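Colleague: Take a look at this one; I'll ask things after.
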């Protein structure tokens, strides 16, 4: 049986073992914020990967195909809005839920983030339980691709 490479890769992604914890990609240029988020997520049983700017985040998302992405907005090289737009345009990453986690707390910031393709928008300092609840809701709703 001859399987096209793209289909084979898709099948591999869709058959992730159920005992494998979901992967969360944190994209944030602040080592402190990244550490705080990673600690919360690891304690909750998630596998965590990180990127320190939007460009690196897009590359990591393409390579890893995480179950969910936490995206800061204000970052060097490529900001969170730009990175989110890029991820939404690509077939391989378009369905990955993206939660913007940022200090930008105006309603216009939230609206703009959601228009760029973010699935949800939380402001820092983020409430630990709220973050975990939102991640779980997105994973349970089938918004996650894998």
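Using the three backbone atoms N, Cα and C, a Cβ is placed for every residue, glycine included.
Curation does not apply to TrEMBL; its annotations are automatic.
Reproduced below are the annotations present in TrEMBL:
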DOMAIN    23-139  domain 'Response regulatory'
MOD_RES   72  4-aspartylphosphate
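Set these features in their place in the structure for me.
Modeller: Across the domain 'Response regulatory' (23-139), the model assigns an average pLDDT of 96.
Less than 8 angstroms from the CB of residue 72 (4-aspartylphosphate) sit 27, 28, 29, 30, 33, 80, 100, 101, 102, each of them six or more residues away in the same chain. In the three-state DSSP reading, residue 72 (4-aspartylphosphate) counts as coil.
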Colleague: Where DSSP helix means H, G or I and strand means E or B, what are the helix, strand and coil counts for the domain 'Response regulatory' (23-139)?
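Modeller: The composition, in the requested order, is 55 helix, 23 strand, 39 coil.
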